[in-house]
């Protein structure tokens, strides 16, 4: 099992190019199921989760082709023939986002059988809002033997437009219902919809495919169903979480880095907090030049739905707070059980205590290298950031979590001057 070994204490300097967003790529890949025509995607991130999704789509019958064998970021998906409307437990257990095939399969094939999902162990993340919304659109749904079994009644019928108010803001729920609604008969209104940029990116592709959607970027999406969608070309939005992760690395380790091919307009809450921490930033339309000298200042924050501070950046900013001057409180409101990185940061010499859904960090002048273990995707990124700021050698085990959401992070860090390597 791969590990990362690094010797900290070296400032980061140079340029880093941000990949396409994992959290946009996964629903966008599933959108190809809505049409029998080819969908061409560019800026697709080369990640384990993306490869898993491509494999799942191939099992369903999608023909996946790479025009350039040396470029995994450009792919053509052709779902002309759907062989199976089932997403098996073997495929779904490794990645929660597999649930995103449910809406498209149900909308196009009028039936779907999808295993209840797995993925990162950071909370329940129930799929009840997906089921509630699809039922409102006329689907008959049973949960049997660990599978969601959904069909329209009769199975020749399309889904029907409906007004749907989810009980909570759910990103994958919004995406599933949005995709299903594009092929429904009549108009669907999604109230309390997730406003994340990745949801907007999916909606932009669906519009290119012939969907009629208004309210993109707001919490009220109106979808006028059409009988058929067609093929389209689309470039996946840059990954705001990867960009934020590298900004946190500069804040913790020091140095000057130009973060290229990013979308600063999707990072407002992160930028505000990092400025508070003392990170100096010049911001352009698709780049951020970040520099840090000395220790960061401690910043308190709470996670919430977009456009507030993202839960997917909580662990990384906590690593910055671990070496910051002062004390901070970090409150997690999205997922329970998302402080598993705290005990690992403390192994490196951090002083962080947990009280309910709040972590209290007392910044220390320096961390000391140690062997630590990644527990989930963003936790692994926080341990890498802490290792870069620590004195001595740090080893991060179980980095398969990291590979699910970051494209060769250690190579990008090496180009910034970090002393880091992947070992077996």
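Including glycine, each Cβ sits where the backbone N, Cα and C put it.
The annotation active site, proton donor is assigned in Swiss-Prot to 120. As annotated by Swiss-Prot, phosphoenolpyruvate binding site applies to 22, 23, with the evidence given as sequence analysis. The annotation UDP-N-acetyl-alpha-D-glucosamine binding site is assigned in Swiss-Prot to 96, 125, 126, 127, 128, 129, 312, 334. Here Swiss-Prot flags 120 as 2-(S-cysteinyl)pyruvic acid O-phosphothioketal, drawing on sequence analysis.
Overlay of Swiss-Prot feature records on the structure.
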residue: 22; record: phosphoenolpyruvate binding site; DSSP (3 states): helix
residue: 96; record: UDP-N-acetyl-alpha-D-glucosamine binding site; DSSP (3 states): helix
residue: 126; record: UDP-N-acetyl-alpha-D-glucosamine binding site; DSSP (3 states): coil
residue: 312; record: UDP-N-acetyl-alpha-D-glucosamine binding site; DSSP (3 states): helix
residue: 334; record: UDP-N-acetyl-alpha-D-glucosamine binding site; DSSP (3 states): coil
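The number of other Cβ atoms within 10 Å of the Cβ belonging to residue 128 (UDP-N-acetyl-alpha-D-glucosamine binding site), over all protein chains shown, comes to 14. Around the Cβ of residue 129 (UDP-N-acetyl-alpha-D-glucosamine binding site), the same chain contributes 166, 167, 168, 170, 173, each under 8 angstroms and 6 or more positions distant in sequence.
Neighbours of residue 127 (UDP-N-acetyl-alpha-D-glucosamine binding site), defined as other CB atoms within 10 A of its CB across all chains, total 20. When the Cα atoms are compared, residue 23 (phosphoenolpyruvate binding site) and residue 96 (UDP-N-acetyl-alpha-D-glucosamine binding site) turn out to be 11 Å apart.
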